[in-house]
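Just below is one structure, and these are the notes that go with it.
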Ligand SMILES: C[S@@+](CC[C@H](N)C(=O)[O-])C[C@H]1O[C@@H](n2cnc3c(N)ncnc32)[C@H](O)[C@@H]1O
């Protein structure tokens, strides 16, 4: 694997301590390596507006892995994954869980394929498709989305991907009261978890939804 930046490693380890998470060194190194790859390819692939790798640690890595305890299934799909967020950090944390990372943009999917090759992530499948047109491997235990769409649109476009046992997990900023008002009657909100993301000033919420 590539040379790991020791400053980023120390920085991430400090955040993990604040989160009360004990994570094996090999996984922490892969999380940092992912940040280094995002930083390396950001200009060419236009992956994220966050330019500083230390800021990526908080805004992308910590903000993704904070939902790890909420993934109790075996097979997830991350829709509108962009550069692999939250899918890649979660796949590093949960090597026995399968992840499909889906995005409509080819260059983002090419980046994710490069990442899975370099980091050795056999539990990740990268797929270029619009989610409305993707019908393989259903049903999933869960659909993940972060910075993708309103909850209503996400449910509309992704409802074919889970059955009544599956859960939609939407990562949101402030408590999404207005978006929750628009949820169609054939879905129910099971839980809204307020997430504590160390180092991040903004509020974060995880909305869990199921089909009725
Ligand atoms: C704002 S980015 C968010 C990326 C990532 N989830 C994150 O948290 O940084 C939204 C992504 O959704 C993708 N996207 C938008 N509509 C889509 C669709 N209908 N099907 C699949 N991907 C879509 C875009 O290409 C883009 O990469």
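Any Cβ shown, glycine's included, is placed from N, Cα and C.
In TrEMBL, annotation is done automatically, which means it is predicted and not curated.
Owing to the predicted nature of the structure, the values given are computational and were not obtained by experimental measurement.
Binding site for S-adenosyl-L-methionine per TrEMBL: 80, 85, 131, 132, plus 146 from the candidate set 110, 146. For the recorded site, residue 131 (S-adenosyl-L-methionine binding site), the DSSP three-state label reads helix.
Local packing around the Cβ, expressed as the count of other Cβ atoms within 10 angstroms, is greatest for 85 among the binding-site residues 85, 131. For residue 80 (S-adenosyl-L-methionine binding site), the same-chain residues 6+ apart in sequence whose C-beta sits under 8 angstroms from its C-beta are 102, 103, 104, 131, 145, 146, 147, 148, 149. Residue 132 (S-adenosyl-L-methionine binding site) has a Cβ environment of 12 other Cβ atoms inside 10 Å.
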